Amino acid sequence: MKRPSLRHEKLCLAPVAGVDEAGRGPLAGPVVAAAVILPARGIPRGIDDSKKLPAAERARLCARLHDCARIGIGVVEPEEIDTLNIYWATMKAMTLAVEALGCAPGHVLVDGNRLPRWGFAATAIVSGDAISLSIAAASIVAKHTRDTIMIAHAEAHPHYGWHSNKGYGCPQHLKALREHGPSPLHRRSFAPVAQASLPF
């Protein structure tokens, strides 16, 4: 099976940042984006689309990437997701991630088919996390970062099962919403949350 490569990066003005997000679909928690500029040498082995990797491998690779790559992370919280809508919240998270790199990238490769409104030279790549090594690295950092946030929140909100579902609308989460109502971390603009009748 083909793995992500640096083919697209080699066509762009350096430094090249890969950008991806995690958390567009969940009913609770933030949307998180990561921007990653890989090193010229010493790129960790095993980088792939985060969806293809088990949690332990994502954690290992995320730690390695923090040691060797330049990383920026953008987080948009549920209240702002409800204000902006999830599309624009995702675009904002991506922008914040690139700005957090601490340097201006020569080019940005973004997973998906839309680009934020920013001043960076950029290319959107559909299924980019399976094609571009930089985007795949960003997908790992974004996913692991968001999962870590949701596991931390699960301690204060044990009803919803966030330690395992990470805020996605699985049966356990939907049942808890019906029984306990939404928490302050739920996205009120998402239909299953809006339909939950109990206040927090």
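Placed from the backbone N, Cα and C atoms, the Cβ positions cover glycine too.
Cβ contacts within 10 Å of D20 (divalent metal cation binding site), excluding its own Cβ and spanning all protein chains shown: 30. Under the DSSP three-state reduction, D20 (divalent metal cation binding site) is assigned to strand. Summarising the annotation, TrEMBL assigns divalent metal cation binding site to D20, E21, D111.
Per TrEMBL, the feature domain 'RNase H type-2' maps to 14-200.
Within the same chain, the residues at least 6 positions away from E21 (divalent metal cation binding site) whose Cβ sits under 8 Å from its Cβ are V31, V32, A33, A34, T90, A93, M94, D111, A142, listed in sequence order. Excluding D20, E21, D111, which define the divalent metal cation site, the same chain contributes V19, A22, A33, A34, M94, V110, G112, G128, D129, I135, A138, S139, A142 within 8 Å (Cβ to the Cβ centroid), listed in sequence order.
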